[in-house]
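Here is the structure we will look at, set down as structure tokens.
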Amino acid sequence: MGEAVEGTVTRGINNIYTVIDSDGTAYLCRIKGKQLVQAAGEYNPIVAGDRVLFQPVEGSGEALILERLERTSFFARWNEKGQRNQIVAANMDIVVCVSSVASPPFRPRFIDRVIACSRNVETVIILNKCDIAQKDAEAERFALFSELGYRTIRVSAAQGEGLDEVRGICHGKTVAFIGQSGVGKSTLINALLDGTVVQRTGGISRKFDRGRHTTNYATMLFGKDFTLIDTPGVREISVPHDDPHAIEASFPEFASYRVRCQFEGCLHDEEPGCAVRDAADAGLIHEDRYESYLRMLASLEERAPSWAVRPRAQRNRYADDTWDKEEWDAHEDA
Ligand SMILES: Nc1nc2c(ncn2[C@@H]2O[C@H](COP(=O)(O)OP(=O)(O)OP(=O)(O)O)[C@@H](O)[C@H]2O)c(=O)[nH]1
Ligand SMILES: [Zn+2]
């Protein structure tokens, strides 16, 4: 066994992970002892972008992963089938949400959810297929994102419009691309890489790559001066089950009102004296954004697994002022 070294996971397929070391040498890895202490009870222990400590088996090109290092950021979603939170990619500098003017139809609430699933990382919003005419109401809802402080870029991947601006934000960064199926994410990524993808995974990983898996897992791709994490296109996205306040944090327009809510820890639904709801009623917060927020909150309620703290239960605790931090922590640990 060689010495343990740090590396970056470029992808994982069926418990076989490709990890590159600081020289760019690729190793095929399994997890030592089948389970990582850091990942007990998680849907998937390691994803593209993870930093790991691994131990090469000399001369074999293979290695064992010993430890997952702490993530600086991640993209998480609720996996309906697995009934668990699923980390899709980790340690990215930017999440790019790719949406489209049409086919599939523009869905701003999908974008809202992508923002809520992006943890500790900036979300940049791309509107693709701008060669197709957009309805005024949809253009206005899209423009709202930049008014709220998000970077937005209008592109046509097919016609090459806006790509330089996308390259500009990717420069020197690791950028994860998330999008609904059909928005043109692959077309966009191919255009960005423009045939310049630096193949760093080596030939060895191909023997494990049976093709059909490739679109089900996130994969790191190396461009000339940026790194992309391509993620599978999805039809739906649900926010992860964790502290409901994490969702609220993805609505920056609530910030100036929430401090005036009657209850500390208000989730801005039916609580008495909610300043956020009042602001939405008065048209100071865009009604569709508020509705989008309420739906995310409701999804935590309706689809909550047994271990999750339900927002309503939490609100009731606030309301009668018997909120118990220790109880919350116990749920979190379970
Ligand atoms: N009009 C127009 N069509 C585009 C544009 N970009 C992509 N398309 C088309 O949209 C369709 C879907 O493109 P893909 O790149 O395969 O979409 P995707 O998001 O990778 O889809 P998944 O593989 O399902 O995740 C294709 O028919 C593309 O030709 C664009 O800028 N304008
Ligand atoms: Zn409130």
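Glycine is treated like the rest: Cβ placed from N, Cα and C.
Per TrEMBL, the features are as follows:
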| type | residues | note |
| --- | --- | --- |
| DOMAIN | 81-237 | domain 'CP-type G' |
| DOMAIN | 90-235 | domain 'EngC GTPase' |
| BINDING | N128, K129, C130, D131, G179, Q180, S181, G182, V183, G184, K185, S186, T187 | GTP binding site |
| BINDING | C261, C266, H268, C274 | Zn(2+) binding site |
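Using the Cβ center of C261, C266, H268, C274 for Zn(2+), the list of other same-chain residues with Cβ within 8 Å runs, in sequence order, R258, Q262, F263, L267, D269, E271, G273, A275, V276, R277. For the domain 'CP-type G' (81-237), the model's pLDDT averages out at 89. Not one of the binding-site residues listed as N128, G179, S181, T187 brings a Cβ under 6 Å of any atom of ligand 2. In sequence order, C261, Q262, C266, H268 constitute the residues six or more apart from C274 (Zn(2+) binding site) in its chain with CB-CB distances below 8 Å. Checking the binding-site residues N128, K185, C261, C274 against ligand 1, the ones whose Cβ sits under 6 Å from it are N128, K185. Take the CB of H268 (Zn(2+) binding site) and look out to 10 A: across all protein chains shown you find 24 other CB atoms.
For the binding-site residues N128, S181, T187, the ranking by surrounding Cβ atoms (within 10 Å, all protein chains) places N128 first. Shown are the binding-site residues V183, C266; of these, the residue with the fewest other Cβ atoms within 10 Å is C266. DSSP assigns C266 (Zn(2+) binding site) to coil in the three-state reduction, placing it in neither a helix nor a strand. Other C-beta atoms found within 10 angstroms of the C-beta of C261 (Zn(2+) binding site) number 20, with every protein chain shown included.
Between the two most distant C-alpha atoms of the annotated GTP binders (N128, K129, C130, D131, G179, Q180, S181, G182, V183, G184, K185, S186, T187) there are 19 Å.
In the three-state DSSP reading, C130 (GTP binding site) counts as coil. For K185 (GTP binding site), the same-chain residues that are 6 or more apart in sequence and have a Cβ closer than 8 Å to its Cβ are V98, N128, F177, G179, D230, G233. Of all Cβ atoms in the protein chains displayed, 19 besides its own lie within 10 Å of the Cβ of C130 (GTP binding site).
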